[in-house]
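The structure under discussion appears below in the form of structure tokens.
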């Protein structure tokens, strides 16, 4: 019997890698993306490209205007995106209040409606340690809620929340993506709006550094490479 899983697919490197992992593990993948008012909505085109590249049969996209109330530099264009790198124990301004909690709830809804056994998430606690909704304890607590709040959970068949990258470094994720044939060049991680990665935002810096350390500087952003050359 074919297993089915919902994958929360942003269009970034992490979620694309998770989609490839789900496919390798034998799941029929249903992708779920969100247009939530993020300034980097370019990632939605990347999500569609990844769906095609990986041969994912179903892709849903939901509109959620979280930009209405702001609270994050990802949804409020009046705020400046951080460019100083991730700092331990500091929650960055790119944290979107309640975003993962809402996304996972909708992923669980889709999974239950489609008879899926799991929801795969691309959250990571190593490089994004400042995000409270990317921690293992957050995921474990949400798993309990998933079991209590759904028909299948009450019947003893709770939908599993799976985050295979949660304790991997960004370099390890790059290696995993390469191993699985993820089209890294088609993924999008930049937080800034535009058609080319800015190379300066925290997400670009983490991604580019990981690609360079993994031995693939050619996959790093062009602007990021130029900026690093000037700094060095």
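Including glycine, each Cβ sits where the backbone N, Cα and C put it.
Record features, source Swiss-Prot:
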type    : residues                                  : note
BINDING : 9, 10, 11, 12, 13, 14, 15, 16, 17, 18, 19 : ATP binding site
BINDING : 190, 198, 201, 204                        : Zn(2+) binding site
Roughly how many Å separate the Cα of residue 198 (Zn(2+) binding site) from that of residue 9 (ATP binding site), to the nearest whole number?
21
What kind of secondary structure is residue 19 (ATP binding site) part of, going by DSSP in three states?
helix
Residues near residue 9 (ATP binding site) in space but at least six apart in sequence (CB under 8 A):
15, 16, 19, 31, 32, 33, 47, 50, 51, 59
Roughly how many Å separate the Cα of residue 11 (ATP binding site) from that of residue 190 (Zn(2+) binding site), to the nearest whole number?
10
With an 8 Å cut-off on Cβ distance to the 9, 10, 11, 12, 13, 14, 15, 16, 17, 18, 19 Cβ center, who else from the chain surrounds the ATP site?
7, 47, 50, 122, 187
Hey, how far is residue 201 (Zn(2+) binding site) from residue 13 (ATP binding site), Cα to Cα, in Å?
15
To the nearest Å, how far is the Cα of residue 190 (Zn(2+) binding site) from the Cα of residue 17 (ATP binding site)?
17
Ten-angstrom check, please: count other Cβ atoms within 10 Å of the Cβ of residue 13 (ATP binding site), all chains counted.
28
Site with most surrounding Cβ atoms, counting all protein chains shown within 10 Å, from the binding-site residues 19, 201, 204
19
For residue 204 (Zn(2+) binding site), what is the secondary structure by DSSP, using just helix, strand and coil?
helix
Taking all protein chains shown into account, the Cβ-based neighbour count within 10 Å for residue 11 (ATP binding site) is 24
Cβ atoms other than its own within 10 Å of the Cβ of residue 190 (Zn(2+) binding site), all chains, total 25
How many whole Å apart are the CA atoms of residue 17 (ATP binding site) and residue 204 (Zn(2+) binding site)?
17
For the C-alpha pair, I'd like the distance in angstrom between residue 13 (ATP binding site) and residue 204 (Zn(2+) binding site), rounded off.
11
